[in-house]
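So the structure is just underneath, and the comments pick up after that.
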Amino acid sequence: MLQLHSLSTLIMPPHEPPIESSWLKPSLFAAFNAMLLITISGIFFAFPCRWLAQNGQWEFAVVSGLLFLVSFCSLIFLNGSDPGILHRGSLEEDPNIQYIAQVNNKAFRLQWCSKCSFHCPPRTHHCPFCNICVEDFDHHCLWVNNCVGQRNFRLFVLLLVSLCLYLVVLLATSVLFLIRTRHMPLSLDSAMAIAVAVPALVFLLPVILLLMVQAVSVSKGKSLRNNNPLDQGCANNWYLTICMPAQVVDLGLVGVGWDKAGSSSLVPDPSSQALSPIVLSFGVFSRALWEPLGTSLFIALLGSCPKKWVEGNCSRDETPGWEPWALCFPS
């Protein structure tokens, strides 16, 4: 018999207000990173890129300009994005009760979060910097002063890819400019080209390394902090990472079912109407944006894609109208 918590009990008091000065240093560091990107780009476009464009090579300006826009917009959007915050807890929840989530015939004991007052779903972690629980938590990125989780991971990967390509273009263009002007005396343009090439090379190496780490993590169904109990293989892992709608989730949609042995498992409640129209609109927008783009990319790369969004023992086709919050558990 399935027993669901009343939605009225799934309301948690607001988090304790953070210390007023705690946000200052990480925010200034993130702002410094954005200004550093703007400064290096400004020097690049004003000196070596301008010289090449004046000599008929406009392709460097066009390519680098597009990559700069993508990198800068990704950086700004990632800074203010929702990583997958789980806001709600139960005032009546007993921290001594042990909840067991059944995933692929494996049992996982849900950890109690004393800060958010609820039992955390698998792969959820409480970020000490933001004082929030994040779904599919990967890490807290100090460069953007935000967590990276289930709902903004694709934006983080987009930032890494675009930034990596942009740094390669900066380095290659600056080196090409120095080669083209090697017969000329040292000028301000040459000095500025060196000033662009050196930091581009310094930042390129760690960005490539981080991108490789993320690629390996997605392929193996892991994150920097957690393992994925629903590893579907390399192709399916990439398909789900690229295409899965980043829908905002309300823990009011989750109930607790008890079996005859007395253990419990989290199951979704399709009849719940806890999601607001704004949240539903965001879910529709995410699905309309990411599903066709991700599916087209997969077909272009692999020639085919999985027919179903397999998530544990439950697929999207079996639960119309319901989007699982992170993992889909058997009832």
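Even glycines carry a Cβ here, placed using N, Cα and C.
According to TrEMBL, the features are:
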type	residues	note
TRANSMEM	28-48	transmembrane segment
TRANSMEM	60-78	transmembrane segment
DOMAIN	109-222	domain 'Palmitoyltransferase DHHC'
TRANSMEM	155-179	transmembrane segment
TRANSMEM	191-213	transmembrane segment
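The transmembrane segment (191-213) shares the most Cβ pairs under 8 Å with 155-179, out of the stretches 28-48, 60-78, 155-179.
Averaged over the domain 'Palmitoyltransferase DHHC' (109-222), the predicted model reaches a pLDDT of 91.
Broken down with DSSP, the domain 'Palmitoyltransferase DHHC' (109-222) shows 61 helix, 18 strand, 35 coil.
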